[in-house]
Every structure is written in C-alpha cells, then in structure tokens.
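**Q** Sharing a structure with you now.
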Amino acid sequence: MATNWFPLLISHLLFISFPISVSSLQNLYEVDVHSLMPSNVCSSPKDTKPRLRVVDRYSPCSALPQPQSFSHEQILSNDQLRVDSIQGHISAVSGRAKNSDPLASSKITAQYGGSFGIANYIVSIGIGTPSKTLTVAFDTGSDVTWIQCEPCQQYCYPQLESIFDPSQSSTFANVSCNSNPCKDVGYDCLGSSCLYGVLYGDGSYTLGYYAEDTLTITPDVISNFRFGCGQNNNGTFGGIAGLLGLGPASESFVSQTSYKYNRVFAYCLPALSSSTGYLNFGTDSNLPNTQRTPIPKSPRSPFYYYLNMTGLSVAGESLKIQSKVFSKAGTIIDSGTVITRLPPDAYKALRSKFRKRMKQYKMAPSFSLFDTCYDFTGLDSVLIPSVGVQFLNNVTLDLDPNGILYVLDISQVCLAFASNRRRTDLGIFGNVQQRTFNVVYDVPNGEIGFSSEAC
C-alpha cells in the first residue's frame, strides 16, 4: 500500500486574542482585561471576494463538530515537537544530523514533515466529480496534499466527515509508477500505481496511493490535481479529512497550480478564535501598503520559505542585537508553528526590555515555553508595550497585542515568544505573530509581503 507522511503545519488559534480600547499611546496598547477571554459566538465579516474562509479548528465558526479541546500544555508541547522536527529535518538535509525514519526498513522513501499539530487552521475544498466537500488544514511547511480515502485499511483515524471514495468520482486516476510526479513524492510502487508516504515529527503519518482528480477551490476548478489518497493514516489530525500543502516544492498546491495562480497566494489568520480569516490565490492576494522583504535562497533546505530577520523593537525602541545573531541560523516563516522561536541572545534582549516596560504589573509563574508571565487579576485595563519584528528591506511589523501575549487565564498572561536552545537552531516566525496581517507569498518575485489589519 501507499504511504505518505506529510507535515501538517498549521497552527493554532487557541491563542486568545483581545480587543484594544485605545489603539496606541506612545507605543503602548491599552487593553481591556475583561475582554481577554474568547467568545463562544462566531464573528464572521461579510466578504464577497473569491477566497477560502479560514477558521481555527476549535472555533465556533467551524462547521465541524467540536472535539474535546486540548490543554495549553498539550498545545505548547505539540508545538515544540513541530519545531524540533523542522529543525532536525533541516539539520539532516544540511548533513549535520541523521534523520530517524520509521519507514527505513520499507522500500518506500517517506517524505518528512513537521509535527502535524493538534490545533490547526482549516479550510474547505472539493475533491472529485461530482465534488465532495472536505475540511483540511493548510500548511506552508508541507508540500504533499492528502486526504483519507476508501477503502480505508484498519489504521485510519476517526474523521468527522465521510471519507472520500475514489470509486464515486468519474475523474479519479492513480498516478503512474514511472512518472516524474511519482518520483517527486519519494515513491514506491504497487503494480503500475504510485505509492506515497509522509511521516510527521510527532509520529503521525499518512500512507496510500498517489492519485489525481478534480480539485475545487471555490470558484475555481482544477483538473488533474495530484494528491495522496491515504488508506493507512494515524495521528493527531483532529477529525479533519487531510491537508492542503502550500510549501515550495514541485508537488505542492502552489507549484501544481502555477499556470493559474502564478505561485502567488496569501492568507490572513484571524485575531480571535471566534472570528475568521481567509486564504487567497493569485494576483488578488496583493493589498495596498504592503511591506515586502526578499525570500533568501538557503542552501540548508528547499522545503521552507525563508526570511531575513534583522531585529526587534519594544515600545518603539530597537533592541541592541548584532545582525549575526539572526543570520547565523536563519529564519523561516511557518503557518503551522504557533510560537515564534528566536535565537537565545535575541530572546534575552526582548525579554529584558519587555519586563522593564511591564514592571508595574505582578509577575506570574512561568508556564511551558514561557518564562515571562503576568497576573492581571482585578485590573480593568493594562498598558502593553508594542513589539516590532524587523526584516530585510526596512520592513517592520508592529504586532497587534494578540500577537504579543499568550493568555492562559487572567491570572497568567505570558509574552508569546520562546527561545531556541542553541544559537545555531533555525529561527521560526510563527502564526501567533502573523495574526491579522495579510501575508502574501510572491514566489516568482522572491518576496513575502505584509499588510496590517487585513482581517
């Protein structure tokens, strides 16, 4: 049977966002403490543009039944698994470490993916003719798109929607074993049919046939789209049907649809778990007042989108961090990593300045990844210093407050950044810090752009 382990990068909206009562006071945000907790009611803006609606997996805006929610400890622990797997993968590709592959005894060369995640952003797509609507996570750190398929073998996880049945689609076909697309996925064969396999860093996996069928991204219909038809799948997939891979490799959705969308796409991750964002493809992804920074070509790994992070600021003051601190290991942008990971020296500088500007508030115990937390019990409002993330080309992203703080509860609100263990560990710009920005990936021009307050 086919095996395709594909990294699910998508991350999580359980970061609790909050409205701002005063937008900015001398590089400070005045935040209403009573609005820190999320709403159980979906707030979805009316939008007539042709793009996919993005929601958190556990959002009241999701059409899927809500599974049992995970604890903050589980969310952050799973996020660290993803980070470890991405960093380990890049080290292996760089020849500095050997990647452990559970399928090494098999003939199949499994693709490698970061931890799939237990809290992901999801969209609805259509597969087959007639089209069957399925809910999938989307991930810029993954390339192979896959869904669960019938006849499902004994190792398939519970799915909240009915599993796709290829026999009911008039346009379904297996990819040939001798084809170049089959070679791209790291293949084995069963007869003349191509098999795929993706193994995630947390032990999740998907295995099956590599196939092609009609894909519907409303309102567009894409013929002969190649994807994994998984018949042996297991892991922390949260009941969704599979994954939409938006990575840069040849087998990704972005590359397969280059004739139509020219390898340009954008998303906006909502500020609140009770609100919605979007995923858009093509030239309409660009917005006015977009700040653009180049995508550097890294010899370390072609599987991710890189950025040149150059600095940080707190309350409008640039921190004294040498540029080599960021350039030593490099930085990627990842829709599936929750918390931004910084080089140790950069994180220490950020933490020190943030604590200094927050010294009037009572500190709370550390929690998981976080060592800078505050107790806002009994307060009506608090003043939060702005945090800016700087990239090459004089690009500065002034994060919304919901990209600065991670709220466990009112008595434990933490600075939403984490330090890497080593100076040589890859930096990752995570999805919490990306919230409310229109993040546009303009691959032909080698740029990533950011527009604020887009959703």
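Each residue, glycine too, has its Cβ placed from N, Cα and C.
TrEMBL lists these features:
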SIGNAL    1-24  signal peptide
DOMAIN    121-451  domain 'Peptidase A1'
ACT_SITE  Asp139  active site
ACT_SITE  Asp334  active site
**Q** Measuring Cα to Cα, how many Å separate Asp139 (active site) from Asp334 (active site)?
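**A** Computed Cα spacing between Asp139 (active site) and Asp334 (active site) is 8 Å.
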**Q** Ten-angstrom check, please: count other Cβ atoms within 10 Å of the Cβ of Asp334 (active site), all chains counted.
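**A** Its Cβ shell of radius 10 Å holds 30 other Cβ atoms.
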**Q** I'd like to know the mean pLDDT over the domain 'Peptidase A1' (121-451).
**A** 92
**Q** Tell me, how many other CB atoms lie within 10 A of the CB of Asp139 (active site), whichever protein chain they belong to?
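**A** Summing over all protein chains shown, Asp139 (active site) has 29 other Cβ atoms within 10 Å.
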